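> Questions regarding the structure given below will be posed in turn.
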Amino acid sequence: MQDLFGSVRRSLVFRSTTDDENQENHPPPFPSLLADKITSCIRKSMVFAKSQSPPNNSTVQIKPPIRWRKGQLIGRGAFGTVYMGMNLDSGELLAVKQVLITSNCASKEKTQAHIQELEEEVKLLKNLSHPNIVRYLGTVREDETLNILLEFVPGGSISSLLEKFGAFPESVVRTYTNQLLLGLEYLHNHAIMHRDIKGANILVDNQGCIKLADFGASKQVAELATISGAKSMKGTPYWMAPEVILQTGHSFSADIWSVGCTVIEMVTGKAPWSQQYKEIAAIFHIGTTKSHPPIPDNISSDANDFLLKCLQQEPNLRPTASELLKHPFVTGKQKESASKDLTSFMDNSCSPLPSELTNITSYQTSTSDDVGDICNLGSLTCTLAFPEKSIQNNSLCLKSNNGYDDDDDNDMCLIDDENFLTYNGETGPSLDNNTDAKKSCDTMSEISDILKCKFDENSGNGETETKVSMEVDHPSYSEDENELTESKIKAFLDDKAAELKKLQTPLYEEFYNGMITCSPICMESNINNNKREEAPRGFLKLPPKSRSPSQGHIGRSPSRATDAACCSKSPESGNSSGAPKNSNASAGAEQESNSQSVALSEIERKWKEELDQELERKRREITRQAGMGSSPRDRSLSRHREKSRFASPGK
């Protein structure tokens, strides 16, 4: 045994080249052959193979499939149904899209091929991560369905929000479009084309963040569902580009066309082309004419330019998603530039501005319900009444012939381009008068949402000069003008309040019309009295509409009472007409107020009598229908209760 190990040691360490040459000419002895075999075995063993890298078991190991449980139905599409699911391992909520797998033997091979392609593509999509795209979590294959596990977005799609809330304002459209382009830019940078951008495939979470869904693998899903006998993509032709319909080959520019159609959908609340053509007619029209959908008229110039660039007929002329992210409609830079221009104009004016008001965004808006906050621009006086606007919307928007027109905000100062004012020898746009702004206000709600602009010129030495100053925390430039403006506004509000009060009940309207037709003096005294007593007592308390009698019964008593009031007042007014004004003014006012109070008390008494008669008539009808009578005692008690109930009609 020792000789054996000794020979092995000598063969490993002490062998020389001469021994090898001798072995070539002479056959080796038996111990030497055994030593060579042992040496080769040792060299092939793991002791001498440490330098070789072991196989990576982590890449070879396949993760177990996600265990999930199906929940309620979320939606149903052309290529399958979407359910809510739960990951049984982590508890995460999922959106599971189920695609049917055909059992036909003829198309089984094609089905398996598409399933493998879809699974491979989902594996690639799992590596994508962006806040504006839906994450792919994996696939689970079952006997008759293929389940695609997606990120669950709780808010719903844009199309569902349009059905609930109607068309979006332009500010919301701008926010959603910006996020849509960010997600689309990420997909295009990873060489992924969406192919089916529309409101139904754009999801919104609770924070207003949108996420693109059904991208990348949509082509494989469509082919797989077509083999299974699913219907065509319903509604999608409205968003298709002409090159997609003609099947002449399309690229990322087809997604840009769909972005423009989606913006039209958000602005109008309806799918593009849906008002003019049905689906088949829309396909024929788009494919033959290559025209873009009609652009709405109620959008700004920036939004119009954005849509025209997205809906170019030639695909090569359409901008990319990265270029559209720099458009003024998405960034809103034109609005900021208009604010900077206004700030520079105020800095160069003759009246110095406070240091804290050099930035246009620092203008203060009123958070109270009154209309008392007035900021004076010298002779340009703007009354701000924004009780419901947040601080984020405190920038002043000016509308000119080339300015930014923001349709979603009503708090803007309208500028008339046709009229001009002179400023240091130069001409510029002038502002509308306050009376014109008042004419556009028809309701009380519009008073708190519009910016009233008052313009007057201060003439001196034969030259017209416009002084601009901003004094928010200081007294106004002219207290008399402020008082006059406030009095006009209060008078306007009083008139509107009186008109609204008239519409509350037909009784007051008929009484008011009778007073007007009978005597103008009564009408004037009534209006003056109402204005004097409006704060402590308000308007006349009238019975509710539901308990008021018919118009035929009420129409007689006010007219008779009015005639009586006018007849009783006419001698007194005739006697006082010939007297001097300085001695009989107070007596005439007292007589008018007394006659009016008598007329009102007479009308109230007539109303109460007619109400009692009407209630008694209804009570008899109810008793007759029930077939049972009531005793005189019960009738008197009930009548007493009804009288006490209607003693105060306003309660």
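Just so you know, glycine gets a Cβ as well, placed from its N, Cα and C.
Just so it is clear, the model here is predicted, and its values are computed rather than measured.
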> Out of 105-130, 183-208, 365-390, 391-416, which range is noted as coiled coil by Swiss-Prot?
105-130
> I want to verify one value. Collapsing DSSP to three states, which class is GLY80 (ATP binding site)?
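The three-state answer is strand.
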> How long is the line from the C-alpha of ASP196 (active site, proton acceptor) to the C-alpha of VAL82 (ATP binding site), rounded to the nearest angstrom?
17
> For ARG76 (ATP binding site), what residues in its own chain, 6 or more apart in sequence, show a Cβ-Cβ distance under 8 Å?
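Sequence-distant Cβ neighbours: VAL82.
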> What count of other C-beta atoms do you get within 10 angstroms of the C-beta of ILE74 (ATP binding site), across all chains shown?
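Around the Cβ of ILE74 (ATP binding site), 16 other Cβ atoms lie within 10 Å.
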